[in-house]
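Notes for the one structure printed next.
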């Protein structure tokens, strides 16, 4: 064995690798000897939360993953959904939380790079990106630095690669002070008959290394992503990867060309745990062994050890099982794109993962137990104490509700995110129909295609903390609702479950209940989960983040010319409310941000009502009755009306029902509701349709003038609303 493999395996070393004592004892039983240092690193990488899902796998299996349009669900690099005409959309969301807190630019950039590879590994050309970001309190000394670095990193990578960013979300809360969240989403288009998988097949076939050289960046990244932070966080900087979007663009083109050639048997990107994970996953899925020779791996640094090469997370790399008769043509493609193409091993029939380095065998492990048979835990969990319903009469009505509306529009929570998305290229590729800032981003399938895809990403973490089950339901419902506002049929979703330490029963309870809520909503709304990611141990010095189960979804428009957006209001339109008057103030931004009331149950999500209202909204959009649509969520009716006025630059004169106190009707966050701006002459017909479908529809106003005028309560000009809405973020960033 080489010197690095002669390192003594001590209890301290085992603990540094994130392995529990019982896990190490299981390793000893499994292999019948003490592991080498490199083998210890491999077990650490493959058995951590980031790669094995050992705390969440039991519960993830309960999610609905099948549907009429689902081609590939969880278990591959990305989910695959049929969109007709021989095409499919391939998509996934994944976290890069820990690296982005340590090194925000590179952490966020390589998060984008990793999810891009997940998508084009399947044979899809990326067409759209989103990101869901959570930062600490705006007055925390690191927050502005982290926002600037993360946004710059996302823009720097996605813009250079050439994929448009079409949506996303940002939250600020002190519970993210020590652990920010960076969740990146990418979707691509592929042919249904040209999807590529990671399952290796055939014995004695060449295993080929593709892409950039291997360095020491990211060594131990997967293990770091499965641990809490403490005061030694700055020492983890070397575990953050460094990305090169131009190399990734070349890798995309080379891979798609290789796939067109028909040379690919199986392919896997090198993400978390690098060469180790990609090789083990391909072999384990195909019931094959893998033998690698590290002397063949292209490296960019001298004297790299086997441990470093196996656990490096250098970016822009792939591993492929190749049809041997096409080696020459495949090699020529990669060299044409200036990328490395090196045969570093072969598939075997012995179900062993063997690694050679400088003539010696440094790894010899059972591949199935490393891969899809890693330990799975049924961790104890507890339910949170139920929050009482916050009654309307318990919530003070502030005297000047116009000032309240302006305050909320000019806040960290509710202000425009223009400062962020204007740093992203939202129009590259030329197919963007709806840019960020709307309910959902929309992209044409291709330049000469009538079809388009709608994308949204949603979660309300404060709801999830108060009631993880309802919060999980609401994340799905709001995503589904946002897609429906365009007229698109919601097809499927991907999840990104961000939580604290699952070894704490109260945190594990948040995860379990959120998954149950997500599953229930997805079943009722026919919105299957086809891919996803779990990020646990988001804690610093024992302080956990807010539970944040992000849901990103995709919908299909058969004819994008019938699409509507938030900004399409026309003078004289009737404004109608789908759903009842608002009344629920528990966990509302009115209660929290204006009155500092953090108690109370979140709004209940009636999934059957969500389904009925969404179907009705899509139907009337398809009939051509609607000029603009917007869902009602954070901030209730008041914020929704203000946003429509701001986006359309047209006024609305509205009147409340006066059945409830004004602050409840304006700022209640009851779910399953929409605002529609409709052609005035169809109002009576819409009322009849609503009655037939048992849908609550109320005319609450008209599009007129240049102010938001809510009778007897407030009058605010479009300019004043816009100034409040657009000014907070630039001021916060010092501009």
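Note that Cβ sites are derived from N, Cα and C of the backbone, with glycine treated the same way.
Over in Swiss-Prot, the protein carries these features:
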type	residues	note
ACT_SITE	50	active site
BINDING	53, 92, 495, 532	ATP binding site
BINDING	94, 533	Mg(2+) 1 binding site
BINDING	95, 96, 97, 98, 117, 241, 313, 314, 315, 535	substrate binding site
ACT_SITE	96	active site, proton acceptor
BINDING	118, 269	Mg(2+) 2 binding site
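Here the features listed in Swiss-Prot are placed on the structure.
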residue : record                 : Cβ within 10 Å
50      : active site            : 26
53      : ATP binding site       : 22
92      : ATP binding site       : 28
94      : Mg(2+) 1 binding site  : 25
97      : substrate binding site : 25
117     : substrate binding site : 27
118     : Mg(2+) 2 binding site  : 28
269     : Mg(2+) 2 binding site  : 28
315     : substrate binding site : 29
533     : Mg(2+) 1 binding site  : 23
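Counting other Cβ atoms within 10 Å of each Cβ, the recorded positions 95, 96 show the lowest value at 95. Around residue 532 (ATP binding site), the C-beta neighbours below 8 angstroms that are at least 6 residues distant in the chain are 60, 74, 92, 93, 494, 495, 496, 497. Residue 95 (substrate binding site) falls within a strand segment according to DSSP. When other Cβ atoms within 10 Å of the Cβ of residue 313 (substrate binding site) are tallied across all protein chains shown, the result is 32. With a 10 A radius on its CB, residue 495 (ATP binding site) counts 31 other CB atoms from all the protein chains.
Spacing of residue 117 (substrate binding site) relative to residue 269 (Mg(2+) 2 binding site) is 6 Å (Cα to Cα, whole number). Comparing CA positions across the recorded positions 50, 53, 118, the one lying closest to residue 95 (substrate binding site) turns out to be 50. Distances between the Cα of residue 533 (Mg(2+) 1 binding site) and those of the binding-site residues 53, 97, 269 are shortest for 53.
Shown in sequence order, 60, 74, 93, 94, 494, 496, 497, 529, 531, 533, 534 are the same-chain residues outside 53, 92, 495, 532 whose Cβ sits within 8 Å of the Cβ centre of the ATP site. For the binding site of ATP, formed by 53, 92, 495, 532 according to the record, the largest Cα to Cα distance is 16 Å, rounded to a whole number. The shortest Cα-Cα distance from residue 94 (Mg(2+) 1 binding site) to any of the binding-site residues (53, 118, 269, 315) is found for 118.
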